[in-house]
Structures are given as C-alpha cells and as structure tokens.
Amino acid sequence: MLDFRNFEPRKAKPILKTDEPICPEGKLSCGDGECLDKELFCNGKSDCKDESDENACSVDEDPNRAPECDPTQCALPDCFCSADGTRIPGGIEPQQVPQMITITFNGAVNVDNIDLYEDIFNGQRQNPNGCSIKGTFFVSHKYTNYSAVQDLHRRGHEISVFSLTHKDDPNYWTGGSYDDWLAEMAGSRLIVERFANITDGSIIGMRAPYLRVGGNKQFEMMADQFFVYDASITASLGRVPIWPYTLYFRMPHKCNGNAHNCPSRSHPVWEMVMNELDRRDDPTFDESLPGCHMVDSCSNVASGDQFARLLRHNFNRHYNSNRAPLGLHFHASWLKSKKEYRDELIKFIEEMLGRNDVFFVTNLQVIQWMQNPTELNSLRDFQEWKEKCDVKGQPYCSLPNACPLTTRELPGETLRLFTCMECPNNYPWILDPTGDGFSV
C-alpha cells in the first residue's frame, strides 16, 4: 500500500516565462491564467485565486527581484557590489589592502564567558595602528549580564543583537513576519540600550539565530529601523572569498543553506557575509569537504593542533587572494571547552599582530574601511579606526544591581537581570521589552 500522507500537494506556479506575453504590460499571469499587477507577486500575501503568486519567490524567481550588480549605478560609500562578489573596494591592489580579521561571538554575555573575553581582549594586544584589537558581540537577552555588556562597549568592542527570545524553533525565524523580526531585533536593541546604558546609537548590526535568515521581511524591518548590516548569510567555500556587499543589487553568490530564505528584493542594508572556512587538515592532499561557517561547526576539529592549522590555512586563503575580511565566528562555550583552543587562538592573534598588515577589527570597522578604502601605508591616520582606540578608566559600576524579576510571559521563572541601571518592574520580554509592565 502506498502511504500518501507524506506527499505534499503540488503547489500551483505562476506562468512567468512564455514566448508571447499572456498579460498586458505591468501584469503577470497566475497559474490559472488570471492577470494581476506585477508588484502583487511575492509580496507575502496570496492575491491569485490559486495562490500561485507566492510560490515562485526565491532569489532567482521573484519577478520583483533586485537587479544584477551595475557598477555604474552602485558607488561607495552607500553602495558596493561586484559581479561575483570578489572585487576589492576602491580597486586597491591586494598588497595594499589591510587583511582584516573579525572575531565575533554569539549568545549571552555573563559569568560563564567574561573571563574568556578578558583573556583575548586584554588591552595589551595592539593592531599596527597602535589601537587595541576589537571584537563584535551578537548578544542574546536571557542570562546576559548587562553591566558586562556595558563594559565591553566602553572598551570599544561592537555590540550587536542576536534576538530577544532566541526561540529554538528554526522555522519561527525562517517564516517570521515583519512584526516578529521587529519585536525580536528592535526589542533586543531597546533592552541592550537601556540596561547596558548604550546611548550613542552604535547598535546597528544583527545576526539571525541559527543563521535562519528571514527573507525580505527581515530586511524591510532592518531598513525601517536603521539597522546598517546583517551578518547571517553564508557563502559556500570557494576558491576566492567574498567581500561584504550591499543588498541594493542581487546577492553575488548562491543562497546557501539557512533554509534558503535569502532576501530577493533590493534593500539599503549591508550584508557582512559569512565566508565558509576550509576545514581540511591537509588542503594539498585531502579531498574537498563542505566548508563550515561557525568555527564550532567545523566538526572535524578535535584538537588544538587541528584548530591552529585551520586558522593559518584560512588566513592564507584570504591573504594570498583578494584579502576579503576573514570572519572567525564563535560560541564562547566551544573556546572554553578545551583550554588548548583558547591558547591556540591567542597564539594566532599574537603571531598575526607581528605583521604590519593584519588588523583585528569589528564588523562596523570593516564597513567603515570599505566606505573609504585606504591603502596600508595611510592606515595609521585612518580616523574611523581611531575612535575608541585605547580605552582607559574603570567600569561604570563595580557592583551591578542583581534584579530578581518575573514576567507573566514566562510563568514560574524568576530571572536575574544584572545591570548598572535601576531595576525594572518586570523581567523584560517580547511583549514588554522595557520591563515597565504591560500596557493594558
């Protein structure tokens, strides 16, 4: 007996490619031949009777998709694209491009990992321009110590958001509505700004949980809320890595993994693309393996030696080609799971800083360099990288408030909120991000 329960009914597709147009100009044909305005296709709600207008909406199919890169229409500082994504901004020769390395962490900042961050970013390790090395932290809300976030920000690290609830249902993110993304990301930013006392408008980046990109809805919300960049889209391992790009024009690479919900339309947002790492132990000999986007997803790395080889091999891949920024993306728990991982990372950082052309910078600093591409010999005076060069002084408070709080959104849970600010009435959550209480 055939079991038909698992067969999905075939979805009706619109009729987009025909020798002779079926519909008048500006209109397209539904699967049943009905003609509707072109802009109704792939707008997130079904307008055709057979619902076919929402069934061919990938980056390659959406009839309202962003155009191919047109360098004559895309100029820095606001727009950057290239046909295959590998072109260096400003047409600078690779030998004159600083090799930027971004170290990013996803998740809550708290007593479990603060010592690790202190260890890596101890204030003594300096880039060739004399500024201490910096990282980017994608902060999720639950269990975060906001006084620690406040101090990371004071010391010049970049704080970005990683969502408010970090729900563990990947489909919630892939299929999230505009309002879901708004509540999760703008809500998260509101909480960080309030309880880590970040008042300079510097929280401009976000990363989607599980790297589950939310398609056009996510990016429409980002543009409306003045988020400058997303850092969730991965690019498959290729011979030459890809530079970050703006989404005014089409993505220069395939929509890789992430349940394939990349934005298809034009958005005024930067994509800090995650180039996959090559995890082969001996790249000259081993057969090719699929790349990994987070360092901890390189499942074959099981020892410090393997991690050290991974770092140096991927550094060389970037450095000896187009010097696209090398992203090293971590969950702190992985680096803490074996002391040798932490030791090897620090050894790698110190070795790189012995050169005069490698800089450990934040995602925002990468964008600042791309907007104003500057050759190595002029980087000492590159103002945008000097802003929080070397920070002196003390944390804002030495004993944060440890606020024990509840919210009716999480019945039965008492959660501690550590902050240098005063305690709110409730634990901040998705319907009540300020913790002031529900407006009735």
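Here the Cβ of each residue, glycine as well, is placed from N, Cα and C on the backbone.
Neighbour density for C23 (disulfide bond): within 10 A of its CB lie 17 other CB atoms from the protein chains shown. What TrEMBL lists as disulfide bond is C23-C35 (among others).
Within 10 Å of the C-beta of C48 (disulfide bond) we count 22 further C-beta atoms, all protein chains included. What TrEMBL lists as disulfide bond is C30-C48 (among others).
Over all protein chains present, the Cβ of C42 (disulfide bond) has 23 other Cβ atoms lying within 10 Å. TrEMBL lists C42-C57 (among others) with the feature disulfide bond.
Taking C35 (disulfide bond) as the reference point, the disulfide-bonded residues whose C-alpha atoms are within 10 Å of its C-alpha, out of C42, C48, C57, are C48. Sorting the disulfide-bonded residues C30, C35, C57 by the number of other Cβ atoms within 10 Å puts C30 first.
Cα-Cα distance from C42 (disulfide bond) to C48 (disulfide bond): 11 Å (rounded to the nearest whole number).
Across the fold, the C-alpha of C48 (disulfide bond) and the C-alpha of C57 (disulfide bond) stand 14 Å from each other.
Rounded to a whole number, the C-alpha distance linking C57 (disulfide bond) with C30 (disulfide bond) is 13 angstrom.
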